[in-house]
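A.B. asks: Quick one: the structure is below, questions incoming.
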Amino acid sequence: DFSCIIPDILSSPVIPGNIADIVELLKNISLLLSENVNRGKMQSYSRIANHILNSSIISNWAFVRDRNAGSILLDSVNLFAGKLLLRNGSESIQEHFISTKGYSIHKKTSGKSFDFSMEFNNTGNITGHMVIPEEELLKLPKTSKAISIAFPTLGAIIETSQLDPGFVNGMVLSVSLPEELRHILLTFEKVNKLENIKAQCVGWHSTERRWDNRACTMKSDNISSVVCFCKHHHRTFKSFSILMSPTMLRNAVLDYITRVGLGLSIFSLVLCLIIETVVWHHVTKTEITYMRHFCLVNIATSLLIADVLFILAAIVHNTALNYQLCVAATFFLHFFYLALFFWMLTLGLLILYGLLLIFFKITRSVFIATAFFIGYGCPLVISILTVAITEPKNGYLRSGACWLNWYETKALLAFVVPALSIIVVNVLVVVVVVVKTGRSSVGEGCKSQDLSNMIRISKNVALLTPLLGLTWGFGLATIVDSRSLAFHVTFALLNAFQGFFILLFGTLLDRKTREALRMSCLSSKRKCSLAKVKISSPPPK
């Protein structure tokens, strides 16, 4: 009987050091004194836990030295409450910030439900509802018990030690069920009833100590509540809640911009590749122009595939398809977005080759091999290393999207660091071009035509590099300030219109390409005219 220590605990100030001691005490009680947990023991345990779950002291948890203290408390309460003995087939123990209910269940029981209405703060109550479906109860071989514990404030407490900005927006509901029962239906009332932010059903992974969206699927979501269908596992998933993540802004304007922009980007890139095919023989007569257009075609191809994969990744995520598909989509997205930047780097290195290494000529085959190694080989190595290092720890994907994780493992740095480094290198290349072309001595070592080609390529790089840098700069801003709709809209606009930028600055604004296209059109018209003349002229007698 540990009820004798309750007066001293309840009279102690709820400061970080005392919180840590009480969490350790509850952990030891659950490990050493969890035999024959009757109503009296559970009441004493709940009163101690309630003291550190009070909504008025949540901010003090941020200063507790052990960042896993909230998770340890959750596991301890679940373990202790799971041993609760039921009197007359049911039990209910209610405190302000923790409530425990238990019922006897058997296969002939109709769908069993647990209802909770609890105080969250001084403004009012929130509710939670848990149902064991009848088809699950039919799996029971004998009479068993089901225990459910509700925590209105524990989600906010756990949140203080989590790096993900997604916040828990309902009570945390824990369940202790027989092993035969695997699925439950949960209804959470939202604390903050926000229209423009998406809800996500999650389970607490007790081994990895994080919220995991693979534990649940969403059945419905409205402005006041969310219904989740969750899988219960006695070792990993016993506690569930809803996250309202600011990183998943549900905004009609944002969706519209993304769809229209991606459609325009894909159309622009397809048109760019068609134009390059038409004018290829006219614009690749010298080694430098061949290399330039070869890089441009691969830049457009990489971004085109990345845009298509972006759409597929959204479909995979929105239709809740399996985790492996999401990993595959993220891997190829990472690879092709990196390839876009590494082909930009190849274009920058081509400029340096044309300006600085004027006496060192490389063959076309050597250039193609080197370009493929830089453009696709380097991204492939980075992508494989990223998934190999982070995926075994389930840290490859970010919560709620098929894209690289940021908050737990910083996997996104495997894209950000190479991309921003390449932008810096290409900016330096443009500076070198400005300095070198300002000197008359440049013309002494290279042909004026080659110099003209170098300047044209430099203009492409000078225009595209800042646009790419600005795009992904706003991408980083959406992570730093994930609640800003302005950052999300700006990033969506710039990201979606990258294909149009490549068509405009890489193809349409290039004088040689326009001349070649005009020549091709005139040639086609001339051929059509000759064909018509042949058809209309009478056959010789």
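Using N, Cα and C of the backbone, Cβ positions are placed for all residues, glycine too.
Any TrEMBL annotation is an automated prediction that lacks curation.
Okay, these came from TrEMBL:
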type	residues	note
DOMAIN	106-250	domain 'GAIN-B'
DOMAIN	254-510	domain 'G-protein coupled receptors family 2 profile 2'
TRANSMEM	260-283	transmembrane segment
TRANSMEM	295-315	transmembrane segment
TRANSMEM	335-359	transmembrane segment
TRANSMEM	366-389	transmembrane segment
TRANSMEM	412-435	transmembrane segment
TRANSMEM	461-480	transmembrane segment
TRANSMEM	486-509	transmembrane segment
A.B. asks: Which stretch, 260-283, 295-315, 335-359, 366-389, 412-435, tops the Cβ pairs under 8 Å count with the transmembrane segment (486-509)?
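C.D. replies: Of the candidates 260-283, 295-315, 335-359, 366-389, 412-435, 260-283 scores highest.
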A.B. asks: Please report, as numbers and ranges, the same-chain residues at least 6 past the borders of the transmembrane segment (295-315) whose CB is under 8 Å from any CB of it.
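C.D. replies: Cβ under 8 Å, 6 or more out: 262, 265-266, 269-270, 272-273, 276, 326, 329-330, 332-333, 336-337, 339-340, 343-344, 346-347, 350, 371, 375, 401-403, 460, 498-499, 502-503, 506-507.
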A.B. asks: Could you tell me what the rest of the chain brings near the transmembrane segment (335-359), counting residues at least six beyond its ends with Cβ under 8 Å?
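C.D. replies: For the transmembrane segment (335-359), the list is 288, 291-292, 295-296, 298-299, 302-303, 305-306, 309, 371, 374-376, 378-380, 382-383, 415, 418-419, 422-423, 425-426, 429, 432-433, 436, 442, 445-446, 450, 453-454, 457-458, 460-461, 464-465, 468.
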A.B. asks: Which residues, given as numbers and ranges, are at least 6 beyond the ends of the transmembrane segment (260-283) yet have a Cβ under 8 Å from it?
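C.D. replies: Tertiary neighbours of the transmembrane segment (260-283) are 289, 293, 296-297, 300-301, 303-304, 307-308, 310-311, 492-493, 495-500, 502-504, 506-507, 512-513, 515-517, 519-520.
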A.B. asks: Give, as a single whole number between 0 and 100, the mean pLDDT over the domain 'GAIN-B' (106-250).
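C.D. replies: Result for the domain 'GAIN-B' (106-250): average pLDDT 81.
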